[in-house]
Structure formats: C-alpha cells, structure tokens
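Engineer: After the structure tokens below, expect a handful of questions from me.
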Amino acid sequence: MVNVVLGSQWGDEGKGKLVDLLVSKYDIVARSAGGNNAGHTIVVGGIKYDFHMLPSGLVNPNCQNLIGNGVVIHVPSFFGELEQLEAKGLRDARGRLFISSRAHLVFDFHQRTDKLRELELSGKSKDGKNIGTTGKGIGPTYSTKASRSGLRVHHLVSEQPEAWAEFETKYRRLLETRQQRYGPFEHDAEEELARYRRYREELRPFVVDSVVFMHNAIQQKKKILVEGANALMLDIDFGTYPYVTSSSTGIGGVLTGLGIPPRCIDEIYGVVKAYTTRVGEGPFPTEQLNEAGDKLQTIGAEYGVTTGRKRRCGWLDLVVLKYSTLINGFTSLNITKLDVLDTFKEIKVGISYSLNGKKLDLFPEDLLVLSKVDVEYVTLPGWDEDITKISRYEDLPENAKSYLKFIEDFVGVPVEWVGTGPGRESMLHKEVS
C-alpha cells in the first residue's frame with residue numbers, strides 16, 4: 001500500500017501535520033522531490049521539531065524513512081538537521097533513515113550561483129521582480145542534473161578504488177562551468193572537497209538503492225506514506241512558471257522520484273489551507289492587500305519555516321484547487337487552519353476567473369493572463385466561534401460545516417480531515433465513503 005500526501009496550493013498548507021497524524025499507521029515514510037528549500041514544524045509532547053529535508057516520519061520510533069532519488073541533498077545540511085533533531089531527543093534516527101544512491105548532491109557553489117542567478121533574473125525583468133528562490137541551491141542542482149553534469153550520492157560513497165579521483169575531477173569541472181557562466185566568484189574548492197571526503201564514511205551507512213528498497217517494501221506489503229514537498233502550484237510544469245521550484249511536486253514527481261509505477265498508488269491526500277498563501281513573487285489572483293489579508297497573516301502567523309519570509313495572504317481559490325485536483329487525482333482532502341477564519345463575519349471564496357468579461361475554462365498557463373484576471377467570489381457566512389477546542393467534526397458550527405461542504409461540492413472530492421489548531425491533537429476526522 002502506497003498513500004501520498006501532496007500540497008494543493010503554493011506550499012505551507014500543513015502537510016507535515018497530516019503526515020504526523022498518519023505516520024503511526026505506516027512502516028515507511030518517503031520523500032520524493034525537493035531539498036531543504038521547504039519546511040514544516042511538528043509538535044510532539046510539547047517539543048517543536050523543524051523539518052526541511054528529512055522525512056517527518058522520524059518522529060515515529062517504529063518508522064523507516066527514505067529520501068528518494070528525486071530529492072537533492074546538501075550533505076552538511078542533512079547532518080545539521082539530523083543533529084538538531086537528535087539534540088531535541090529524537091532517538092535512533094540514524095538507524096531508520098536512508099538516502100537513495102541516485103539522489104543528486106547540492107554543493108556550496110550551487111547555493112552561491114542560486115543567488116547570482118536570482119540577481120541576474122531580477123535585473124533583466126521589466127518589473128525587477130525575483131523568482132523568489134530560497135537560495136538553497138536547489139534550482140542550480142536540478143539544472144546540472146538535467147544537463148547530465150551533476151554528481152550523485154553514489155559518486156561520493158563508492159568504494160571503487162578510482163571513485164574519489166573521479167569525484168574530484170567531476171566536481172572541479174562542474175565548478176569551472178559555473179564560474180565560466182557567472183564569472184569568477186569566491187569559493188574555497190579545496191575546503192569543500194576536504195569536507196566531502198570526510199563525509200564519505202559518515203554518509204555511507206545511510207545509502208541504499210532506493211528502487212530495491214521501495215519494491216522490496218511493496219512486495220512485502222509494507223504500508224508506505226509518501227510525503228510531498230512544496231505543492232502543485234510550485235511544480236516546474238504545472239505551477240505558475242517561472243515562479244516555481246525546479247522539481248515535479250505533483251503525483252508525477254512521486255513516481256519518478258521514488259521509481260514506482262502508478263498502479264502501486266492507492267490514496268492521494270490533498271492538503272488545502274482554508275485560505276490561500278504564497279511566499280515570493282508571482283501572480284496571486286485572490287490575494288488581499290487590505291485588512292482581510294493583514295488579519296489572515298496575523299492570526300495565521302504566516303511566516304515561512306525555511307526563510308522566515310512573510311507570506312502573502314488571500315481568500316481560498318477554488319480554481320486553483322480544482323486544477324490541482326485534476327492533475328493529482330486527490331481521493332480526499334485535508335482542510336487546514338480552519339480556525340484562522342473563526343472571527344470573520346463573512347468569508348469569500350474564489351470560484352472562477354474571467355478576462356475582459358469572458359470566463360476562463362480553467363487555471364491559465366499564461367501569467368500575462370493570470371495577472372489580469374477578475375475573480376468571481378461567493379460570500380459565505382462566518383461562524384464567529386472558537387473552534388480550537390472542538391474534538392469531533394459533528395460538533396463544528398453549522399456555518400463551518402457549510403464552508404467545508406461548499407469546497408467538497410465544488411471540487412468533487414470529500415473532506416476527510418479538518419485542522420482546527422496548531423497541535424497534533426487539533427485535527428478532526430470525518431468518515432468518507
């Protein structure tokens with residue numbers, strides 16, 4: 001059994017909390033895409049654990065965790081995050097954490113060129129806007145992967161006698177091409193190579209052939225949960241390109257990022273914030289640059305875990321959710337942070353776009369169109385009631401249930417979970433047929 005948790009908007013929907021809720025039922029939690037450019041916080045026993053690259057299944061002592069071949073890995077950050085989790089009392093993590101030998105490596109010069117590329121792009125754009133990169137080197141690493149010049153984990157940990165010499169040669173060649181592209185920039189290649197040589201032995205016990213790992217687990221009928229990173233609207237193909245990440249963040253990326261066939265997938269859970277947020281630049285049709293947006297930002301504490309950047313806020317966009325559902329094939333939804341809407345007298349929901357008076361059929365791929373659309377809203381009554389102490393779905397205020405029903409009816413997918421607060425206990429479950 002392979003079930004998948006995916007973000008349906010622009011990230012920060014609260015995927016980690018659903019994974020944390022479900023993880024006790026699973027034998028394996030796997031990451032299939034991205035790197036340490038995304039983040040979420042899980043609270044267990046009053047302790048906050050921040051996850052960026054590592055699977056959040058580590059909070060379950062009985063769960064194995066895999067970083068798949070579709071993920072890109074900055075090794076110093078990998079060990080830094082692991083050590084921070086261990087310092088907070090997370091035990092036996094090293095024996096339950098595995099890395100695909102086919103995953104690509106992020107180097108410090110990738111991070112440097114990430115920032116140089118951002119400056120270059122913002123200088124060339126007419127409006128001076130940035131893509132909004134986190135500066136973690138993710139994009140440049142996927143770029144070298146696509147150009148077939150990147151280095152993978154197996155290149156680093158190989159025990160073949162000529163392996164290190166070949167690694168060093170490829171590293172220098174890769175650095176040289178980056179410096180030719182962006183001009184000479186300060187980088188201590190000898191220090192980084194020496195550091196990675198030390199990492200070889202420390203990293204080796206974590207490394208597995210992830211294809212063998214996954215297919216053995218499937219044949220043994222292990223229960224596997226795939227933890228998506230980012231969200232569909234940041235997908236390299238289906239997101240608001242170019243204001244996207246550099247990987248496939250939808251269901252397609254799960255298959256290629258773990259090496260499993262579509263027939264292995266059972267359930268696909270779409271995580272949806274009860275309103276909409278995004279970090280960085282790019283069109284955002286339902287954004288509210290007004291009191292409502294400020295209120296959502298303040299009550300929702302909308303700051304990024306990875307970057308600390310303030311998130312832009314707006315009303316729930318059902319055009320986005322329907323588009324995301326079409327591509328990902330969600331079988332049920334988790335609506336998060338419903339409690340943030342508790343004090344709103346009225347709540348707006350975007351249900352369609354139009355341009356020059358003509359209604360659009362679906363979410364447009366052209367950002368020149370997207371930036372000009374008019375949004376049609378439906379106004380629903382609020383519930384003006386604190387729902388954070390409610391423990392059963394049936395006890396939600398009628399207007400809150402009506403809000404959720406409106407979402408279900410619009411996208412044609414049942415809501416199975418509802419988040420009503422930050423704690424792991426603040427998640428209501430609704431039976432779905």
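Backbone N, Cα and C define each Cβ position, glycine as well.
Feature list, courtesy of Swiss-Prot:
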- 11-17, 39-41, ARG311, 337-339, 419-421: GTP binding site (BINDING)
- ASP12, GLY39: Mg(2+) binding site (BINDING)
- ASP12, GLU13, GLY14, LYS15, ASN37, ALA38, GLY39, HIS40, THR134, ARG148, ASN230, THR245, ARG309: IMP binding site (BINDING)
- ASP12: active site, proton acceptor (ACT_SITE)
- HIS40: active site, proton donor (ACT_SITE)
- VAL305, THR306, THR307, GLY308, ARG309, LYS310, ARG311: substrate binding site (BINDING)
Engineer: Under a criterion of Cβ-Cβ distance under 8 Å and sequence separation of at least 6, what residues of the same chain contact GLY14 (GTP binding site)?
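Structural biologist: Those within reach of GLY14 (GTP binding site), by Cβ under 8 Å and sequence separation of 6 or more, are HIS40, VAL271, LYS273, ASN334, THR336, LYS337, GLY419.
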Engineer: Taking each of the binding-site residues ASN37, THR41, THR134, ASN230, THR420 in turn and counting other Cβ atoms within 10 Å of its Cβ, which one has the fewest?
Structural biologist: THR41
Engineer: Between LYS310 (substrate binding site) and THR134 (IMP binding site), how many Å separate their Cα atoms?
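Structural biologist: Between the alpha carbons of LYS310 (substrate binding site) and THR134 (IMP binding site) there are 13 Å.
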Engineer: Provide the number of Cβ atoms within 10 Å of the Cβ of LYS310 (substrate binding site), excluding the reference atom itself.
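Structural biologist: Taking all protein chains shown, LYS310 (substrate binding site) has 12 Cβ neighbours within 10 Å.
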Engineer: Please list, in sequence order, the residues in the chain of ARG309 (IMP binding site) that are at least six apart in sequence and whose C-beta is under 8 Å away from its C-beta.
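Structural biologist: Sequence-distant Cβ neighbours: VAL279, GLY280, TYR303.
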Engineer: CA-CA, which of the binding-site residues ASN37, ASN230, GLY308, LEU338 lies nearest ASP12 (Mg(2+) binding site)?
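Structural biologist: Nearest candidate: ASN230.
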Engineer: What subset of the binding-site residues ASN37, THR134, GLY308 lies within 10 angstroms of GLY11 (GTP binding site) at the C-alpha level?
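Structural biologist: The binding-site residues close to GLY11 (GTP binding site) (Cα within 10 Å) - there are none.
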Engineer: Among LYS17, HIS40, all listed as recorded positions, which has the most CB atoms within 10 Å of its CB?
Structural biologist: LYS17
Engineer: Using C-alpha atoms, which one of the binding-site residues ASN37, GLY39, THR134, ASN230, ARG311 comes nearest to LYS17 (GTP binding site)?
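Structural biologist: In terms of Cα distance, LYS17 (GTP binding site) lies closest to GLY39.
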Engineer: Taking the binding-site residues one at a time (GLY11, GLY39, GLY308), which has its Cβ surrounded by the most other Cβ atoms within 10 Å?
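Structural biologist: The residue with the densest Cβ neighbourhood is GLY11.
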Engineer: List only the single closest residue to LEU338 (GTP binding site), chosen from the binding-site residues ASN37, GLY39, GLY308, ARG311 by CA-CA distance.
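Structural biologist: Comparing Cα positions, the closest of these binding-site residues turns out to be ARG311.
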Engineer: What subset of the binding-site residues THR134, ASN230, THR420 lies within 10 angstroms of GLY39 (Mg(2+) binding site), using C-alpha positions?
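Structural biologist: ASN230, listed in sequence order.
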Engineer: Taking just the CA atoms, what is the gap between THR41 (GTP binding site) and GLY308 (substrate binding site) in Å?
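Structural biologist: About 13 Å separate the Cα atoms of these two residues.
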Engineer: Round to the nearest Å and give the CA-to-CA distance linking ARG311 (substrate binding site) with ASN37 (IMP binding site).
Structural biologist: 15
Engineer: What is the interatomic distance between the Cα atoms of GLY308 (substrate binding site) and THR134 (IMP binding site), given in whole Å?
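Structural biologist: Taking the Cα atoms only, GLY308 (substrate binding site) lies 10 Å from THR134 (IMP binding site).
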